[in-house]
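What follows is one structure encoded as structure tokens, with my remarks underneath.
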Amino acid sequence: MASTDGTTTPTLLEKAPAPLEAVSLDKSWDPTKLSWQRKAHIVIAGFTCTFNGNMGSSMPSGALDAIAEEFNVSQKIHLTLLNSLYMIGYVLGPLIFGPLSEYIGRRPVMIGTFLGYLVFTLACSGAPTYGALLALRLLCGINAAAPTTVISGLYADILDNPSQRGFALSTYMTITTFGPMIGPIISGYSSPVSWRWPFWAAGLIAAPGLPIVLTIPETFAPVLYNKMIKERIKGGSHAAGCTSTELQPFNVRKIFLRPMTLLVTEPILFSTAIYLALAYSVFYLLFQAYPIVYQDFYGLAPGPAALAYLPVALGVILSMAVFYVFNNYYDKSARAGQHWAQREINRRLPIACIASPCMTISLFWLGWTTFRGISPIVVSLGGILWGVGFQLIFMGMSNYLTDVFRQHSASAQAASSMTRSIGAVVLPLAAPAMYGDLGLHWAPSLLAFIALAMGLIPFAFIRYGDALAKRSRYAQAVDLPKE
């Protein structure tokens, strides 16, 4: 019988009943034993889901004028809701889908939510009223949030090597970060034709990913183990004394409580969530701040103004190079027996330590180069440092969370995702008032000072992280044995 990874395995019906020892030793269900081709398929499916969901989050940003004209919306705060309600979905979705993936498995969550995102995105193009459009944006966001929560657990399921897992997660973060920056460019150039075109474009981009996502296998070990036991019993194999892993029944109360419990009881998770929330909030603030700077102040059209996101994209690419170089350096140092590289914690956190200076300089750059006599191109170049800093903090801190909360990583990531999504809802709503009260120079400067202070967190984890993990009920110390 052909298995899902393309290998051939004899069916249990063709074999004599297996003794208990064979059942216990059989690891064919183990997701870490999948072929590298199948693992690559799973990794790419993660890229596909999250890239599209993230792109959808900012898709209306370049079409605000066209949408305002279509639905007679005059208040900027009402237009901000197009992105903010989507991000509210990123608050609600992780609370459900992260823990749910630990109950019913990763596959149904990934497939169901990707289909939901595609359906509701296409439905946005036919919204009869502005209220209906806002409601559909909320539903899009709820579904789009699932992969951002599940991916860390999905990759941890199949990649038990920390180096491979970190490489996969960092590549995933780099690719998916392009989504929000591409959205405004697509909508900026397509919305003059029709306000519906940005949503049609998002659907057309997502549709080719359907075969990749629909064929993703299950990877959650308890679900696969239980399935193997049931198949052996059904096929007549001797499985007496070999019990299934108990999966708790679907319980809405527990699903909502687990991420919140982790958030309020785990200092590592709370501190990381707050730092990531700052970076994520400022990132989405840019989708409100850039139109103020480049369209209102410099007078650029939506399409050319959206090109200001390209330096941020360049910074994201550069951050990937930084990560690869450092990761290779760490691996070589570990193999050489160097003392500093014998702590797994030093694989993740040093790159996060670089993030704060990059983000701080970038925000000051945005604030203090915005003058009439300075070209908007010069202003936008500061986005390179923002892209580097923003990406490095997620590469370092999100990987660190997965390492520390390995078994409960989906719930930990759900709590982190919920926290940063709340920030991504609230801070962009304050953008018009912030820029109105503080001005073009001091609004980003205030955020720069906060980023500088938050930058102490990864340094503190390097010193105290293992001690905190050892005292935790859910975490584990990350000084793992080298493989």
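Note: Cβ is positioned from N, Cα and C throughout, glycine not excepted.
TrEMBL: automatically predicted annotations, no manual curation.
Features of the protein shown, as given by TrEMBL:
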| type | residues | note |
| --- | --- | --- |
| DOMAIN | 42-466 | domain 'Major facilitator superfamily (MFS) profile' |
| TRANSMEM | 77-97 | transmembrane segment |
| TRANSMEM | 109-128 | transmembrane segment |
| TRANSMEM | 134-155 | transmembrane segment |
| TRANSMEM | 167-187 | transmembrane segment |
| TRANSMEM | 199-225 | transmembrane segment |
| TRANSMEM | 268-287 | transmembrane segment |
| TRANSMEM | 307-327 | transmembrane segment |
| TRANSMEM | 348-368 | transmembrane segment |
| TRANSMEM | 374-397 | transmembrane segment |
| TRANSMEM | 418-436 | transmembrane segment |
| TRANSMEM | 442-464 | transmembrane segment |
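Long-range contacts of the transmembrane segment (374-397) within its own chain (CB-CB distance under 8 A, at least 6 residues past either end) are made by residues 166, 169-170, 173-174, 177, 272, 275-276, 279, 282-283, 286, 293-294, 298, 300, 307-320, 322-323, 348-363, 365-366, 458. Distant neighbours of the transmembrane segment (268-287): 57-58, 61, 83, 87, 180, 184, 262, 309, 312, 355, 359, 363, 386, 389-390, 393-394, 397-398, 400-401, 404-405, 412, 415-416, 419-424, 426-428, 431, 447, 450-451, 454, 457-458, 460-461, 465, 468-469, 472, 475; these residues of the same chain sit at least 6 beyond its ends, with a Cβ under 8 Å from one of its Cβ atoms.
Over the domain 'Major facilitator superfamily (MFS) profile' (42-466) the predicted model carries a mean pLDDT of 85.
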